[in-house]
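One structure is given below, encoded as structure tokens.
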Amino acid sequence: MGNKQTIFTAQQLFYRYRDLAPQLVPLDYTNHPDVKLPYELIGSMPELKDNPFRQRIAEVFSEDGQGNMTLDDFLDMFSVLSEMAPRDLKAYYAFKIYDFNNDDFLCKSDLEKTLNKLTRNELTEEEVRMVCEKVIDEADLDNDGRLSLEDFQHMIVRAPDFLSTFHIRI
Amino acid sequence: MIGELERQGLGPTGNDFPGDQEPPRLRRAPSRASDRNYPRYDWSADPAEEEDGAGNAEAPPEIRTLPWPMERKRAVRQVQQMRAHVSFGAESWRRNKTKSLRKLQQNVREFLYFFSLWRKSLQKIGGNFGGGVKSYFVFLRFLVVLNFVSFLLIAGFVIAPSLVRRSAGTGGFVNSTDKESCLVYDPNPQGLVVFYEFFLHLLSGTGFMEDSFMFYGYYNNNTAVEDGSLSYNIPLAYLFTAAFYFAFCLCCIIARMGTAARVAVATGGRAIGNYSLIVFTGWDYGCLGDRATKLKQKNIYYRLQVDLEEERIKKRAASLTPWRKVALYTLRVLMFLIALGLIGTAFYGIFEATKFSQENGDRFGILGLFIEYLPSIVITTGNFLVPLLCDQIALLEKYSPSITVVVALLRAVVLRLVSLGILLFTLWSQITCSGDLEKEDCGNCSYNNKKYQCWETSVGQEMYKLTLFDLLVTIALLVLVEFPRRMVVDNWSSKLSQLVGRQEFVVPSNVLGLVYGQTVVWTGALFCPLLPLINTIKFVILFYCKKITLFCNCRPALKTFRSTTSTFFFLVVLLFGWGLALVAMIYSLAVIHPSYACGPFRFFTTMWAIVPNSFYSLSEVTQEFLFFIGSQAFSIPLFALSCVVMCYFIALASIYGRSVAMLKAQLKLEGQDKQFLVKQIEKMKRNNI
């Protein structure tokens, strides 16, 4: 029913960005100041600080790949993670987040790292191995032993919950 | 930039730059390795030409959906807008109109969003307890709105005109018939009334409550107004409002099922992709707080364990010897029969309790109240005990976890709905002397008028008591069981309290409780027009009570409920309840003789009989038109046409299904082709070196 939209304007997001470091971020952006907030500040936001993937999220959306974000990066991040972003866009960025080694494929090591972050390292080695095998079995269409973006997107199509879970409420 | 943002307050997809600003800063040295994966933008495509009449820009693709950094999107949009000004004439007018229409739609949606009920609470619940629990509260909110709108309907068409008629003062007409004994009815004997009787009347719907707008018996069958120009046929309005109420509820449920089903169908087969779905879509990015995160991680761990356990069980089941298989199957059949026996016992108990309560309904005081509430008590106890016992039985049956859940749910649904059906059946057999109208009690007035001077009101009272008792039991459980349990578990650490633990919010049984309550209201709405209002209030109280108990007493469940498929399941069960209520309503409308002594249908043979009677008072033209619609000359072509339309839609659906399968196969093939080509390239490279 009524939960189809979160209404946040660029203005509100700007104020959230500025609140992280008021002394660094000027109020006047007409001259496009080159201001980058370090990852530690971004990672301390209440919406992100408990998320096990916060470092990967910041790295994916930041310009320098290290997690230090400009205002545009910040807007990008919350726009993709909002309710309004289309499924393909979200799938694209979710793929990049889970791709720890940035090689455009989700290989076994990426899956193992994802799994450990998801379960807080509680699964045994044997179980991790079994689950990774099953995941690649289920989702790998071109049979190369790792998941490409197309495989990932094809699998996301069949996940009705994806749009509501890949979403940060701000 | 902040000035512009303040002026325009736009969404996150960018802004207009004044034309004379410096060109936007493009990203330097993209260190993100996947930059090369950005789809190429087709600069040559002219936006004006590509748009069709509906104004949807299919190509070039919407900038919002492209995974580009913000700067690039702004630059492209700027160029697009500069281009768009070139076209003129009818096309640009149409495009402007569609654009403003879309903006208006979006604004209306944003505006309505602020009015959606309990939005913040639902967000908090979803963030802390997950989608499954949130879907229960969303379902509850849907029922509250449905009941409230139904009440407005009934109030507008039945209660308000009756109020006006009452205040106008004319009483009901009394035709002279020979059924004098059937006309005796005195719902509210005036006289000295003991103080606590007020309370008793409130709880059992008798006395002052019976003689009010609450129940069917209060409404009259008068139609004409003083000055003769306006006439409002109250009995007809009553009947049509009841029928429309059912149709309206059906439409709402099916509309909601449509949206839920679309999602369920789009995902195709459920079995494939279990592990990958948990791994990639299991994490809720909206989870707030350290505690919730830890719980979510435990949840995912538990789900993976459950799946791995199912694998192990499957492997073990496949390796059973034939003898052990036979033993297992006989055990399962035995357990099924035992469960059936338990459910049958519950039904018999309800039957006996209802009969006893109806026969001894005239005791006074607390004992009388207890006897009146006996059917409700037995139903509630049965609904509580039998699923518990069936759970124990399920432990012996050794199904896999997912099948166990489904079987338990089915048993609970059958128990709840059929127990209500048994109650209705018992009432029917009491009212119509088990259908045998020749018996001495029923011979006079075609219904048992010794016990029921106004049987519709009695049925309405029974439904009212069920509703009230449900609410009271919920509140009593909250105060007497759940809070103490939490206090005991938190403050007294012992083996027992560790074993029992804090309560879990079990979604399926709570939803079944809601469905049961709504079915009772549907059954009783014909006889107790204010019941939807009472139910609205009851559900609102329930929302707040359940929210309080959720946040104070419950721990998040380890076994989560899938939120999207479960919505569809709740609505299907609700539809079953609706079907049961519909059967009861149709039977009372069409078969049982209305009471002589009360109500708007006093002197008709059945409630439905008023429709043919009023029909003849319509104008000639309308009568002929309606006859024509009912005749064969109209209905047979209509039937043929609807068959054709249905065949068309079935063919369309099968074509879509087949094209989806073909596209999936093609996707696989493309991947294999790509791999083959890559291998060829590497081979050639190696040969060349």
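Just so you know, glycine gets a Cβ as well, placed from its N, Cα and C.
Annotation comment: TrEMBL describes B:1-62 as region 'Disordered'.
According to TrEMBL, the transmembrane segment annotation covers B:138-160 (among others).
Counting same-chain residues at least six beyond the ends of the transmembrane segment (B:236-255), those with a Cβ under 8 angstroms from any Cβ of the stretch are 142, 146, 149-150, 153-154, 157-158, 161, 219, 522, 525-526, 529, 571, 574-575, 578, 581-582, 585, 589, 600, 607-608, 610-611, 614. Annotated transmembrane segment per TrEMBL: B:236-255 (among others), in sequence order.
Using a Cβ-Cβ cut-off under 8 Å and counting only residues 6 or more beyond its ends in the same chain, the transmembrane segment (B:326-350) has close neighbours at 320, 375, 378-379, 382, 385-386, 389-390, 393-394, 396-399, 411, 414-415, 418-419, 422-423, 426. Per TrEMBL, the feature transmembrane segment maps to B:326-350 (among others).
Remote same-chain partners of the transmembrane segment (B:370-390), defined as residues 6 or more beyond its termini with a Cβ less than 8 Å from a stretch Cβ, comprise 204, 339, 342-343, 346, 349-350, 353-354, 356-357, 360-361, 363, 408, 411-412, 415-416, 419-420, 423, 462, 465-466, 469-470, 473, 509, 516. Feature annotation from TrEMBL assigns transmembrane segment to B:370-390 (among others).
Away from its own ends, the transmembrane segment (B:402-428) comes close to residues 310, 339, 343, 346-347, 350-351, 354-355, 358, 375, 379, 382-383, 386-387, 390-391, 394, 435, 458-459, 462, 508-509, 512, 515-516, 519-520, 523, 569, 573, 576-577, 580, 584, 587, 592 of its chain (Cβ-Cβ under 8 Å, at least six residues beyond either end). Feature annotation from TrEMBL assigns transmembrane segment to B:402-428 (among others).
Sequence annotations record features per position, and here TrEMBL assigns domain 'TMC' to B:454-563. Secondary structure by DSSP for the domain 'TMC' (B:454-563): 85 helix, 4 strand, 21 coil.
According to TrEMBL, the transmembrane segment annotation covers B:466-484 (among others). Same-chain residues lying 6+ beyond the ends of the transmembrane segment (B:466-484) with a Cβ under 8 Å from its Cβ atoms: 203, 373, 375-377, 379-380, 503, 513, 516-517, 520-521, 524, 531, 534-535, 538, 541-542, 545, 548-549, 552-553.
Summarising the annotation, TrEMBL assigns transmembrane segment to B:505-534 (among others).
Remote same-chain partners of the transmembrane segment (B:568-589), defined as residues 6 or more beyond its termini with a Cβ less than 8 Å from a stretch Cβ, comprise 135, 139, 239, 242, 246, 249-250, 253, 256-257, 260-261, 264, 409, 413, 417, 420-421, 424, 428, 456, 459, 511-512, 515-516, 518-519, 522-523, 526-527, 606-608. Marked as transmembrane segment by TrEMBL: B:568-589 (among others).
Only residues 6 or more beyond the boundaries of the transmembrane segment (B:625-656), in the same chain, are considered here, and those with a CB under 8 A from a CB of the stretch are 615, 618. Feature annotation from TrEMBL assigns transmembrane segment to B:625-656 (among others).
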When pLDDT is averaged across the domain 'TMC' (B:454-563), the result is 85
